[in-house]
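Heads up, the thing below is written out as C-alpha cells.
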Amino acid sequence: MNVSVLGAGAFGTALAVSLAGNGPVTLWARSRDQADAMQQARENTGRLPGVSLPEALKVTDDFQMATQNRTLLLAVPMQKLRSFLNDHSDALQGRALVACCKGIELQTGLGPIAVMSDVLPDARTALLTGPSFADDIARGLPTALTLACAGTGLGESLQHDLTTANLRLYRTTDTIGAELGGALKNVMAIACGTVMGAGLGDSARAALMTRGYAEMQRFALACGAQPETLAGLSGFGDLTLTCTSDLSRNYRLGLSLGRSEAFDPSVTVEGAATAYAVVARAEEMAIDMPISRCVTGLLDGALTPDAAMAQLLARPLKEE
Ligand SMILES: NC(=O)C1=CN([C@@H]2O[C@H](COP(=O)(O)OP(=O)(O)OC[C@H]3O[C@@H](n4cnc5c(N)ncnc54)[C@H](OP(=O)(O)O)[C@@H]3O)[C@@H](O)[C@H]2O)C=CC1
Ligand SMILES: O=C(CO)COP(=O)(O)O
C-alpha cells in the first residue's frame, strides 16, 4: 500500500505517522524549509511536537513525487481546500482523493466532497472524519473514524488501505451526513466552550450538546443526510469529543469567548467560518438554527455569553 498525505499540519502528520505502520507513506509539506526540517529532525515541531516520525514516513515538498502514490489524503483546512485543489489541479485530476477536513465553505455553502467534485469533476472522492485528536492518533491510541464514499468499491478499498492497528475505519455511503456531522459539531463545540468559559455550568453544556445535536439533525436531514449517520462517529461521536475536551481548538476558542480573553488567530478553528456558512444556508432553507446563530453573534462580538444564553432560554416553549 502506498499512501501520500498532502498537508503537513497536525492532522496530516498524525495520519501519516499512523499509516506508516502499514507501509511507506509520503507526507507533503508546501514549504521546503518545513519539509527539510521535519525530514531531518524526524518531528513536526511546529504542529505536532513530541511525536517521532517513523522510518517509513518520508517528508517532501515535491508535489509530483508525493502524488505518485495511489491513495491521496488531503489534510488542509476547509477554507483552503479549493485554492489547494486549484493550485494542483493537473496532478489531482481523475485521482482518488480523501478529504480529511471538517467544515463548510463560506463562499459556497459546500462541504469538502462537494468542493472536490466542483473543482475536479473527474476525481473519485471520499471523506475521512470522526472523533480523533491528532495527538491521540499519532501516539497510537485507539481511534475509530468514518470513511464516507458514495462508491462502494472505492469505499471498501480505502477502508482497507487506511485502517491501521489503532485506527479503525467504519464505512458509509452517506457523504452528506458525514460532511455535515463533522462540520456542525465544531460550531456546537464553540458554543459549549463558551458556556464553560463563562461559568454557566455542566448542566448548561449538556443542554447545549443535546439541543445542538437536534439542530445538527434538523439541518443535515433537510440537506439529504441519513439520521443514522448523524448518530454515528462522524456526528454524535465527534460532537461528544469536541464539546467536552479542551484539546479541541474549537472548544478552546469558545472558552476564550466565555472568559473574554484573546485567542491566537493563527490557530485553525474550522467552526468559526462554518458557523457563518451554516447560518446563511439555514436562512435560505428556512431552518431554525438558534445555537449556530448565537455562535455567530458571539464571534461578531454582537452577543455576550450571558445575552446568548438569555436569548436561547427566552425562546417560545415547545415539545422536545
Ligand atoms: N488536529 C486535529 O486533531 C484534527 C484535525 N482535523 C481536521 O484536519 C484539517 C486540518 O487541520 P490541522 O491539520 O489540525 O490544521 P493545522 O493548522 O495543524 O495545519 C494546517 C495545514 O494545512 C496547510 N495549508 C494551509 N493552506 C494550505 C494550502 N493552500 N496549500 C497547502 N497546504 C496548506 C498548512 O501549511 P502551513 O503550515 O504551510 O501554513 C498546515 O500544514 C481541519 O479541517 C481539521 O478540522 C480533523 C480531525 C482531527
Ligand atoms: O476534529 C477534531 C476532533 O475530532 C479536532 O477538533 P479541533 O479542530 O476543535 O481541535
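Residue positions begin at 1 at the first shown residue.
Note: Cβ is positioned from N, Cα and C throughout, glycine not excepted.
The domain 'Glycerol-3-phosphate dehydrogenase NAD-dependent N-terminal' annotation in TrEMBL covers 3-150. The annotation NADPH binding site is assigned in TrEMBL to Phe11, Arg30, Lys102, Ala134, Arg249, Val267, Glu270. The sn-glycerol 3-phosphate binding site annotation in TrEMBL covers Lys102, Gly130, Ser132, Lys185, Asp238, Ser248, Arg249, Asn250. If you look up TrEMBL, you'll see 174-309 marked as domain 'Glycerol-3-phosphate dehydrogenase NAD-dependent C-terminal'. The active site, proton acceptor annotation in TrEMBL covers Lys185.
Structure with TrEMBL features highlighted.
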residue: Arg30; record: NADPH binding site; DSSP class: coil
residue: Lys102; record: NADPH binding site; DSSP class: coil
residue: Gly130; record: sn-glycerol 3-phosphate binding site; DSSP class: coil
residue: Lys185; record: sn-glycerol 3-phosphate binding site; DSSP class: helix
residue: Asp238; record: sn-glycerol 3-phosphate binding site; DSSP class: helix
residue: Arg249; record: NADPH binding site; DSSP class: helix
residue: Val267; record: NADPH binding site; DSSP class: coil
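Listed in sequence order, the binding-site residues among Gly130, Lys185, Ser248, Arg249, Asn250, Val267 whose CB lies under 6 angstroms from an atom of ligand 1 come out as none at all.
Of the listed binding-site residues Asp238, Glu270, the Cβ environment within 10 Å is emptiest of other Cβ atoms at Glu270. Cβ neighbours within 10 Å of Arg30 (NADPH binding site), excluding its own Cβ and spanning all shown chains: 15.
Minimal Cβ crowding within 10 Å, among the binding-site residues Lys102, Lys185, Arg249, is found at Arg249. A Cα-Cα distance of 20 Å separates Val267 (NADPH binding site) from Gly130 (sn-glycerol 3-phosphate binding site). Proximity note: of the listed binding-site residues (Arg30, Lys102, Ala134, Arg249), Lys102 have a CA within 10 Å of the CA of Lys185 (sn-glycerol 3-phosphate binding site), given in sequence order. Put plainly, the binding-site residues Ser132, Ser248, Asn250 were compared by Cβ crowding within 10 Å, and the winner is Asn250.
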